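Read the structure below first, then the notes.
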Amino acid sequence: MTQKIAVLGGGSFGTVVANIAATRGADVHLWMRSEKQLQDILETGINTRYVPKYPLHERLIPTNDLAGAVVGADIVFMAVPSKAFRVVLNDAIPHLGAETALVSLTKGIEPEGFRLMSEVLEELVPDHPIGVISGPNLAKEIAQGHLTGTVVASQSPELRNQVHDLLSDRSFRVYTNPDVYGVELAGALKNIYAIASGMAAALGMGENTRALLMTRSLAEMSRFAARLGANPLTFIGLAGVGDLVVTCTSPLSRNYRIGQAIGQGYNLKQAVKQLGETAEGVNTLKVVKAKADELEVYMPLVAGLYAVVHENEDVDVIAQQLMLGERASDVEFIFDSENC
Ligand SMILES: NC(=O)C1=CN([C@@H]2O[C@H](COP(=O)(O)OP(=O)(O)OC[C@H]3O[C@@H](n4cnc5c(N)ncnc54)[C@H](OP(=O)(O)O)[C@@H]3O)[C@@H](O)[C@H]2O)C=CC1
Ligand SMILES: O=C(CO)COP(=O)(O)O
């Protein structure tokens, strides 16, 4: 039987995931709040605002009727920014079927209570199968057909297989992982370091410096994640290293572009306005800085970036302090295991 899929959020990632599912034979309802955007897609067959030049499959039905999109859906994919996640989910809940699975595509953290999106799902729809998707997935590259790998994480093997079968195609490879928290945390945290990398690029860093920054970012994010109970090994997979590499090197990443703009001398407000799209890392930086302070986790890159982005400290001064002040152990999990 043909699956019914709902994707809530008509931005760049929601649109490409919806289109892949439609191309794979599902009936896909792509919900967006904007009437103007809906009319544009109905007229042109393209989401010109978010993914121009990407023709949408005829099985993809754009809509702004949330109830109609969700009713009878086998899977609901949540593709709105984290700040809108809870509100949109609450609106969807009365229309969910008893068996409907929910999968988050969102890479952010709710500030109140430091909740990841899977935790919001667990809180609000505890009886439904839930999962997350994360990985090196620049939406615009997926739209161009570049070979891409993603990770679906869920504690339900059935849901992992269902999403794998739904979305796998010649250019989109789906890998699976049971570590929901680690996969999701990696996707949220790397946005912070993408901002740092964009900033360093604007300041003229060399390739040695880029390698240093990315490797120390990985050390810092896995240290934080391990403290919160995630499996640090998840961070060497696609959702960790993979996503860190792509967002720390590509100007297609919106977080990287925020960093670039700040490195060029714009303030945060100007950088965000110029971007005009979602850059989750700006808020994630705030939330993670507060959590790291609370838990006393050593995160010098987060602390330095926070000072520049949110406290207007001078970027050159902080950049110098950062690398000079860092602790000198390379792979600290080795030291931990040797009890040094
Ligand atoms: N783009 C990418 O390459 C990837 C993005 N992600 C993650 O996916 C999530 C969504 O990002 P992305 O698609 O890129 O974002 P975009 O900025 O491209 O689009 C955001 C979408 O969410 C909608 N939206 C925003 N606020 C609300 C709200 N309160 N109620 C309803 N709809 C709302 C916007 O509608 P409107 O246009 O009306 O404002 C728009 O359709 C983020 O967490 C991001 O980190 C994950 C992997 C890849
Ligand atoms: O998460 C992404 C790629 O995997 C998208 O990154 P940005 O949100 O920085 O564009």
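The backbone N, Cα and C atoms fix where each Cβ goes, and this holds for glycine too.
Matching Ala139, Ala143, Ala219, Ala319 to the NADPH binding residues that TrEMBL gives (Ser12, Phe13, Arg33, Tyr50, Lys107, Arg254, Glu280) identifies Ala139. Residues Lys107, Gly135, Lys190, Ser253, Arg254, Asn255 are recorded by TrEMBL as sn-glycerol 3-phosphate binders, and the candidate that the same record lists for that site, out of Asp127, Asp243, is Asp243. Of all the binding-site residues given, namely Arg33, Lys107, Asp243, Ser253, Asn255, Glu280, those whose Cα is no farther than the 10 Å limit from the Cα of Ala139 (NAD(+) binding site) are Ser253. Within 10 Å of Gly9 (NAD(+) binding site), as judged by C-alpha distances, the binding-site residues found are Arg33; the full candidate list was Arg33, Lys107, Asp243, Ser253. Checking the binding-site residues Ser12, Gly135, Ala139, Ser253, Arg254, Asn255 against ligand 1, the ones with a C-beta less than 6 Å from an atom of that molecule are Ser12, Ala139.
In this structure the C-alpha atoms belonging to Gly135 (sn-glycerol 3-phosphate binding site) and Lys107 (NADPH binding site) are separated by 10 Å.
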